Amino acid sequence: MAIRLYKLAVALGVFIVSAPAFSHGHHSHGKPLTEVEQKAANGVFDDANVQNRTLSDWDGVWQSVYPLLQSGKLDPVFQKKADADKTKTFAEIKDYYHKGYATDIEMIGIEDGIVEFHRNNETTSCKYDYDGYKILTYKSGKKGVRYLFECKDPESKAPKYIQFSDHIIAPRKSSHFHIFMGNDSQQSLLNEMENWPTYYPYQLSSEEVVEEMMSH
């Protein structure tokens, strides 16, 4: 049964605060990262350490950060990146993230194996089955893991295939994630490197999202 928007709204004070194991102020995303987890978050890990995960790792209500980019609220984040990387200008970095964050799905709710997508006052949902993971090696030499899920309901208008990437390689509650969505195949999504809509916990204010991004 689909998660209803009103249910998500009512639950904001209880459900989504606990679901991502996210405590703002102390930047606590559950238990502290181990050395292996910290290296994995930076794209360095042994393939043998990658483990399967369940959809419950992404349980919660999540907001797209694309509107924050469009409003200019993420400019301090891009400026920090430009200051740290002298090979790219602020404008180049912002353009890169503009392409990456672009999406019309404003909110995502995840509960009991069901993912609900909210777009322009329209809602689609489906129960997703786990389809394994894929380890990717990027041009930079760093690696990442995508966790694959499939909607097998032919009547659903939700994306047939979705993939999560959150810099985590083993079971752990997510604090933010990139998601890849489509109807062609998992492989076509694995080839997508330029558009990775990004979501943070819904209860965070824009200032808190910026603070989170600046701390990483």
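Quick reminder: no glycine exception, Cβ is built from N, Cα and C everywhere.
Note that this is a predicted model, so its numbers are computed, not measured.
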Swiss-Prot annotation, Zn(2+) 1 site containing H176, H178 - matching residue among H118, H167: H167
Spatial neighbours, same chain, of H178 (Zn(2+) 1 binding site) - Cβ under 8 Å, 6+ residues apart: G100, F164, S165, D166, W196, P197, T198
Helix, strand or coil at H176 (Zn(2+) 1 binding site) [DSSP, three-state]: coil
Distance [Cα-Cα, Å, rounded] between E212 (Zn(2+) 2 binding site) and H176 (Zn(2+) 1 binding site): 10
Binding-site residues compared (H167, H176) - highest count of Cβ atoms within 10 Å: H176
Integer Cα-Cα distance in angstrom, H216 (Zn(2+) 2 binding site) to H167 (Zn(2+) 1 binding site): 12
Which of E212, H216, the listed binding-site residues, has fewest other Cβ atoms within 10 Å: H216
